[in-house]
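One structure is given here, and the rest of the page talks about it.
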Amino acid sequence: MASHIVGYPRMGPKRELKFALESFWDGKSSAEDLQKVAADLRSSIWKQMANAGIKYIPSNTFSYYDQVLDTTAMLGAVPTRYGWTGGEIGFDTYFSMARGNASLPAMEMTKWFDTNYHFIVPELGPDTKFSYSSHKAVSEYKEAKALGINTVPVLIGPVSYLLLSKPAKGVEKSFALLSLLGKVLAVYKEVIAELKAAGASWIQFDEPTLVMDLDSHQLQAFTEAYSELESSFSGLNVLIETYFADVPAEAYKTIIALKGICGFGFDLVRGTKTLDLIKSKGFPSGKFLFAGVVDGRNIWANDLASSLSTLESLESVVGKDKLVVSTSCSLMHTAVDLVNETKLDDEIKSWLAFAAQKIVEVNALARALAGHKDQAFFQSNASAQASRKSSPRVTNQEVQKAAAGLKGSDHRRATNVSARLDAQQKKLNLPVLPTTTIGSFPQTMDVRRVRREYKAKKISEEEYVNAMKAEISKVVKLQEELDIDVLVHGEPERNDMVEYFGEQLSGFAFTVNGWVQSYGSRCVKPPIIFGDVSRPKAMTVFWSSMAQSMTSRPMKGMLTGPVTILNWSFVRNDQPRYETCYQIALAIKTEVEDLEAAGIQVIQIDEAALREGLPLHKSEQAFYLDWAVHSFRITNCGVKDTTQIHTHMCYSHFNDIIHSIIDMDADVITIENSRSDEKLLSVFREGVKYGAGIGPGVYDIHSPRIPSTEEIADRINKMLAVLETNILWVNPDCGLKTRKYPEVKPALTNMVSAAKILRKQLASAK
Ligand code: GLN
Ligand code: ZN
């Protein structure tokens, strides 16, 4: 009977780590205070797992910021600009890399596979010196041992570490990062030796890149790395852990052939094909299979009966004593503890399991395999599964029927985009290089307070509406003064672009403490989509009409698109994701049509997160893009030619999905552009034809810096070199919600001036 947990959330059940970090960063508490909070969190997590009966308890899955950055620290691979000169890496250097300091920006951050977690990208080159410079893994192992718990220290594997790195500034883009393997392994050997000396009997190497489409050269690196480490492994049990998707057949073949490895961990929730591989290709005899049957990416209670039968089918392949029940990935991608949910009703709660509950599930499965099935626990799980299947709160026949009816058509607008743009221009009569913003205006303390008080029922609806109306009117006046062409209402009534809609749609539930780490101390609280989605009544028409009544300029209706709502929520697992997405699309479609009927001529449907849902395997990407783009088109296929549909995206790495973006068939797209050295424009330089309106962001709203008129004009000029004058829009990179008015006013003033200068130039060039 054995149970294992791949990793555990670090933030704490009430985001204790977040608050401790932020207070330390603000200089309000000491390093010791922070270390104390961290140690308390670690010890309570270890004890929780030990008490639950987990056999293989991970350590070193705690992090003050990010586990990849921890590995960079372990390897001493600090970029030279941070001025570190050796010795154990302390908070100063560590947090400078993570967050930047007074004189230096932070290292780049990017998404961890297809999750919403972001890691700090290592910057390496031929001159990077590696030396063992953070003993965190060993000290945490010892810390747990002192509590009487013999843990499995977890390290990011050396090959994944290198594959997730990028060439440092000044290093050739083509630099072979894997050529650093030997140097990196030298440090790993020291770490392994020290862990062994401290008493570790197992080490877990996380090698999640094994689920990617790797080429034979990359796979070869795994063989090389682990052969090189083999001698260090003597007297130790080594587990190679993978997660997030199927392990492709070639990768499977490569790793099960590795010598010196005792166990392999697989995600059997997302990796159903891996399950087939294990059964068809076999599993090396005498090795442990860590079977990830409990989903670390979601909040649903496990279907224990079904998992048990999967596990039983594996027993015959790997042998009873070699099967270990595990989670599909680290539990850091799910919420922490259901116990702290005071607002969810009991029925919904019975369908859920957060990290703390998943530990219990893992253990119950392991015990059941060993012949000690907790009948009562399995029984109550089975009835919860049954209640979820039959609950009238989950199923809405009408919605099901409407969504099923969608598949026959691809929902395109009747007229092509250039004819639509002509028709729209006749009504809107915009200047060339029209200016606009992405939606939100600064969320002042006052705005937040009013929203909070209304939610807490401390102020009446009337008071709330009046306060919001005043705010909207202020934002409208400001935009008129700035002479912006297409206005927004500023979104003061919204806390979050997904939550705002989820709260008004049926089929969504909200947690109080269901936080998931996004990066550093930042957490998100995804809504839970538990049932068929429908829209009981109009969601934004009231605010948008109010805003439109305040101005004669076009006011953009502002919606979040179905794919983004889907990708930023915990999604039901009892139907395919696309079914849920189509349902949301239908709900948004009715909102679009209500806005149009209320006289709103420009409607923006944000798809900030469309790219995030892209599957890790190339073979699955086309299918995703197909239904995602289709869902977007469903929302606006029914509007008149004269209604202008905008969309907005928060990323610039879209060269590989440009054809899908064109296929969305929006009239205008505004898109992030300035943070990424204008990589976005290269796709047009390479000759991709884009006929719709496009507004590549002219300045970065993530920074407090105010761009000058010249700088913005220069950016627009660069865009004009690759895009037709009549399709170009001028706008910032993203919403202005996190900025302050003293930054926003001058920045937008300069943006409008730049647009006007260029209009003049274009007119005189005619
Ligand atoms: N309309 C939203 C805003 O401006 C878009 C935010 C986003 O793209 N993340 O806040
Ligand atoms: Zn954005």
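Just so it is clear, glycine is given a Cβ too, placed from its N, Cα and C backbone atoms.
Noted in TrEMBL for the protein shown:
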type: ACT_SITE; residues: HIS702; note: active site, proton donor
type: BINDING; residues: LYS18, ASN116, ARG522, CYS523, TRP568; note: 5-methyltetrahydropteroyltri-L-glutamate binding site
type: BINDING; residues: ILE438, GLY439, SER440, GLU491, ASP606; note: L-methionine binding site
type: BINDING; residues: ILE438, GLY439, SER440, ASP606; note: L-homocysteine binding site
type: BINDING; residues: HIS648, CYS650, HIS659, ASP663, GLU672, CYS734; note: Zn(2+) binding site
type: DOMAIN; residues: 3-317; note: domain 'Cobalamin-independent methionine synthase MetE N-terminal'
type: DOMAIN; residues: 433-756; note: domain 'Cobalamin-independent methionine synthase MetE C-terminal/archaeal'
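Overlay of TrEMBL annotations on the structure.
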residue: LYS18; record: 5-methyltetrahydropteroyltri-L-glutamate binding site; Cβ within 10 Å: 18
residue: GLY439; record: L-methionine binding site; Cβ within 10 Å: 24
residue: SER440; record: L-methionine binding site; Cβ within 10 Å: 22
residue: GLU491; record: L-methionine binding site; Cβ within 10 Å: 24
residue: ARG522; record: 5-methyltetrahydropteroyltri-L-glutamate binding site; Cβ within 10 Å: 12
residue: CYS523; record: 5-methyltetrahydropteroyltri-L-glutamate binding site; Cβ within 10 Å: 19
residue: TRP568; record: 5-methyltetrahydropteroyltri-L-glutamate binding site; Cβ within 10 Å: 22
residue: CYS650; record: Zn(2+) binding site; Cβ within 10 Å: 20
residue: ASP663; record: Zn(2+) binding site; Cβ within 10 Å: 16
residue: GLU672; record: Zn(2+) binding site; Cβ within 10 Å: 24
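Spread of the L-methionine binding residues is 13 Å (greatest Cα-Cα distance among ILE438, GLY439, SER440, GLU491, ASP606). Within 10 Å of the C-beta of the residue listed as 'active site, proton donor' there are 13 other C-beta atoms, taking all protein chains into account. The separation of TRP568 (5-methyltetrahydropteroyltri-L-glutamate binding site) from GLU672 (Zn(2+) binding site), Cα to Cα, is 19 Å. The number of other Cβ atoms within 10 Å of the Cβ belonging to CYS734 (Zn(2+) binding site), over all protein chains shown, comes to 27. When the recorded positions ARG522, TRP568, HIS702, CYS734 are compared by Cα distance to GLY439 (L-methionine binding site), the shortest distance belongs to CYS734.
Those same-chain residues not listed among ILE438, GLY439, SER440, GLU491, ASP606 yet with C-beta within 8 angstroms of the centroid of the L-methionine site C-beta atoms are THR437, VAL488, MET497, MET558, GLN604, HIS648, CYS734, GLY735, LYS737. Screening the binding-site residues GLU491, ARG522, CYS523, CYS650, HIS659, CYS734 for a C-beta under 6 A from any atom of ligand 2 leaves CYS650, CYS734. ASP606 (L-methionine binding site) is surrounded by 25 other CB atoms, counting those within 10 A of its CB over all protein chains shown. Checking the recorded positions LYS18, GLY439, TRP568, HIS702, CYS734 against ligand 1, the ones with a C-beta less than 6 Å from an atom of that molecule are GLY439, CYS734. Only ASP606, of the binding-site residues SER440, GLU491, ARG522, ASP606, have a C-alpha within 10 angstroms of the C-alpha of CYS650 (Zn(2+) binding site). Long-range Cβ neighbours of ILE438 (L-methionine binding site) (same chain, at least 6 residues apart, Cβ-Cβ under 8 Å): VAL488, GLN604, HIS648, THR670, ILE701, ASN731, PRO732, ASP733, CYS734, GLY735, LEU736.
Among the recorded positions ARG522, CYS523, TRP568, HIS702, the residue whose Cα lies closest in space to that of ASP663 (Zn(2+) binding site) is TRP568. When the binding-site residues HIS648, HIS659 are compared by the number of other CB atoms within 10 angstroms of each CB, HIS659 has the fewest. The Cβ of ASN116 (5-methyltetrahydropteroyltri-L-glutamate binding site) lies under 8 Å from the Cβ of HIS333, VAL516, SER518, VAL524, PRO526, TRP568, GLU612, each of these being in the same chain and 6 or more residues away along the sequence. DSSP assigns CYS523 (5-methyltetrahydropteroyltri-L-glutamate binding site) to a strand.
Reduced to three states, the DSSP call for ASP663 (Zn(2+) binding site) is helix. Averaged across the domain 'Cobalamin-independent methionine synthase MetE C-terminal/archaeal' (433-756), the predicted model reaches a pLDDT of 95.
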